[in-house]
Amino acid sequence: MSRYLSPIIAISVGLLVLLGYFLTEGPLAGVRVTFVQWAVILAGAAIFVGVLNLLSVHIKKIREKEKGGLYSLLLIASLMITLTLGLVLGPNHSTMTHIFNAVIFPVETSLMAIMAVTLIYAGIRLLRYRNDLMAILFLATALVVMLGAAPLPFFEIPLFGDLIRPIFVNTLAASGARGILLGVALGALLTGLRVLIGADRPYGGK
């Protein structure tokens with residue numbers, strides 16, 4: 001019986017929440033709100049358990065003096081400082097925003113720089129093994145976008161930043177991004193339907 005209990009509960013809750021979005025009047029709307037609030041509470045509890053597990057793993061690395069213990073100490077100290085400031089000042093305080101930006105912006109900039117260099121290097125290696133039109137187009141597009149986004153130190157290349165790069169970014173790249181987002185949305189919809197009909201059971205059971 002326990003083998004079928006989890007799928008029955010999951011499918012029933014999923015159908016009730018789905019119907020609650022279509023039938024906004026009546027008891028189903030209240031049931032939907034209640035189930036969604038329960039899901040938020042469970043997600044918060046899962047994040048809390050994950051943070052505790054993260055702390056236990058890194059505290060163990062520090063105690064046993066494993067390799068990378070300094071990074072573990074830095075992570076725990078950063079977590080405690082951020083948590084304390086967040087509890088005292090609140091998440092919307094300007095100090096919290098400054099800390100968030102001071103961490104996120106340098107990381108994003110570094111990752112974008114590494115990705116740009118990696119793309120150019122991958123394009124050059126691709127030309128060594130495939131001297132076809134697609135490889136040449138890939139490398140040329142990467143160079144055009146890079147030159148338009150980060151011009152030479154002493155002067156800007158005419159037309160690259162004002163005309164050519166916006167065409168690539170706002171037209172070609174945006175079209176590809178929309179296609180990817182549509183694929184992700186359809187994949188999420190299909191996954192949800194498979195869970196609702198019981199074809200996939202991520203909550204347990206076989």
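Keep in mind that glycine also has a Cβ here, set from the backbone N, Cα and C atoms.
The transmembrane segment annotation in TrEMBL covers 5-23 (among others).
TrEMBL lists 35-57 (among others) with the feature transmembrane segment.
According to TrEMBL, the feature transmembrane segment maps to 69-90 (among others). Long-range contacts of the transmembrane segment (69-90) within the same chain: residues 51, 54-55, 58-59, 61-62, 96, 99, each at least 6 residues beyond the stretch ends and with a Cβ under 8 Å from a Cβ of the stretch.
According to TrEMBL, the transmembrane segment annotation covers 102-124 (among others). Long-range contacts of the transmembrane segment (102-124) within its own chain (CB-CB distance under 8 A, at least 6 residues past either end) are made by residues 135, 138-139, 142-143, 146, 150.
The transmembrane segment feature in TrEMBL is assigned to 136-155 (among others).
Outside the transmembrane segment (175-197), and at least 6 residues removed from its termini, the chain residues within Cβ reach (under 8 Å) are 10-11, 14-15, 18. Among the features that TrEMBL reports, transmembrane segment is placed at 175-197 (among others).
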